[in-house]
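Asks: Annotation comment: TrEMBL describes 1-62 as region 'Disordered'. Summarising the annotation, TrEMBL assigns compositional bias 'Low complexity' to 30-59. The feature domain 'Methylated-DNA-[protein]-cysteine S-methyltransferase DNA binding' is assigned by TrEMBL to 66-150.
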């Protein structure tokens, strides 16, 4: 088609690279019927479990592969137990800070119980980006954990009598063996 000529309605528009060379038109999106059709090889395959709906005010984007693994491991921490960011990182082969940042963005709370992950110092900090006892979200984390039987002192540190509630990497790895 000549430059400046009228383009037929609905037809693909020519694309140009930065060097002025024509690129092939982009492929149109698959029709709904074609996208819904499945090859015979996958006809009996089980669909993956749907992720829970994100909490209000959280981003509605699919989790990354790392976040999916992290959330699956987090769901293996039973009520009344906690794990540290370091233990989570060790089990996942990652860094504690990466685990903390991903849990900070957890859109599936409380289905994914990120409140059960605490600092290496056995303090509450880090919940939803807050740090320290002056933060409202840390009070929520404390309330959720205390409802599950985990107790803290006035400074937000796990009581010495409750240190058995802290999962080791070996315990968490065993609990998460089905999802790792």
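Just so it is clear, glycine is given a Cβ too, placed from its N, Cα and C backbone atoms.
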Asks: Take the domain 'Methylated-DNA-[protein]-cysteine S-methyltransferase DNA binding' (66-150) and count its residues per DSSP category (helix H/G/I, strand E/B, coil), listing them in that order.
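Replies: Reading the DSSP string over the domain 'Methylated-DNA-[protein]-cysteine S-methyltransferase DNA binding' (66-150) gives 44 helix, 6 strand, 35 coil.
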Asks: Across the domain 'Methylated-DNA-[protein]-cysteine S-methyltransferase DNA binding' (66-150), what does the pLDDT come to on average, as a whole number?
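Replies: Summarising the domain 'Methylated-DNA-[protein]-cysteine S-methyltransferase DNA binding' (66-150) by its mean pLDDT gives 89.
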